[in-house]
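Copied from TrEMBL, the annotated features are:
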- 1-17: signal peptide (SIGNAL)
- 1-268: domain 'Deacetylase sirtuin-type' (DOMAIN)
- His114: active site, proton acceptor (ACT_SITE)
- Cys122, Cys125, Cys174, Cys177: Zn(2+) binding site (BINDING)
Amino acid sequence: MDNLVIVILYLFKIGAGISTESGIPDYRSADVGLYATSKNRPIIYQQFIKDPKVRVRYWARNYVGWPRFSSMLPNYAHKFLKKLEDKNKIVHIITQNVDNLHTKAGSKNVLELHGTAYVVHCLKCGYKIDRHQFQDVLSSLNPQVSIKELYSIRPDGDVELTPEEISGFKVPECPKCEGNLLIPRIVFFGDNIPKKRVQRVNDFVEECDSLLVMGSSLFVYSGYRIVLETKSANKPVAVVNIGPTRADDCVNFKIEAKFGEILPLLNL
């Protein structure tokens, strides 16, 4: 295969596929994604804020999965993008992932489109706490809950638990307002991306020369919209993803390959 050339001022839009090689599954990969391996679906935002039982279930599963999820390390693709940034060949990275792996790799110009799992905040008063510190709070309230390595984590870092394992799990109130709506600073399914974040995406598209989508099916509209805006600005779009994407009919070219296989071929 001939070497590929990335132009300076590339905008990278990153999907969950980039983190699968770090051990974090995605939602839609054939045979191995969450939708292919489990009947359970992500908790919807409205369910979380309306139903205390849903919040307990969410935090119990997240608590057990957190040590493994937060221990995941950047892979070759994350480190490769950091090197591109060091060479001033990246304007910005827009990631749908909430795993913090781009930051762990050292990248600076990262916009977390769907937020981060590493911060917990209160929907009532805005209080916030580091997720590692919140883990200690949950641990002090739930000494009866054991964390086993055999659990398989899901894309957002939680694990599947039985009703018996969830029973009796305690979730703390907000220490500032005593409310009961502590939630990770992520965009849940059914929630909206903050307007300021959307505007930043628009600004990034305006600044870039080209867009490369890595590891995203683009079935979530927030990601697909970035492709549409880039194309409407008459800028080229390329995709590296295994399996079909929502934008297959409009991108300039697409490669189906693992990042560890394709990235070493780039001539940079």
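Keep in mind that glycine also has a Cβ here, set from the backbone N, Cα and C atoms.
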Between the Cα atoms of His114 (active site, proton acceptor) and Cys122 (Zn(2+) binding site), find the distance and write it as a whole number of Å. 17
Compute the average pLDDT of the predicted model within the domain 'Deacetylase sirtuin-type' (1-268). 86
Chain-mates of Cys122, Cys125, Cys174, Cys177 with C-beta within 8 Å of site centroid, Zn(2+): Leu123, Lys124, Gly126, Tyr127, Pro175, Lys176, Glu178, Gly179, Leu181, Leu182
For Cys122 (Zn(2+) binding site), what is the tally of other C-beta atoms lying within 10 angstroms of its C-beta? 20
Taking the Cβ of each of the binding-site residues and counting other Cβ atoms inside 10 Å, which one has the highest number: Cys125, Cys174? Cys174
Let me spell it out: for each of the recorded positions (His114, Cys177), count the other Cβ atoms within 10 Å of that residue's Cβ, using every protein chain shown. Which one has the most? His114
Per DSSP, to which secondary structure element type does Cys177 (Zn(2+) binding site) belong, with helix, strand and coil as the options? coil
Collapsed DSSP category at Cys125 (Zn(2+) binding site): coil
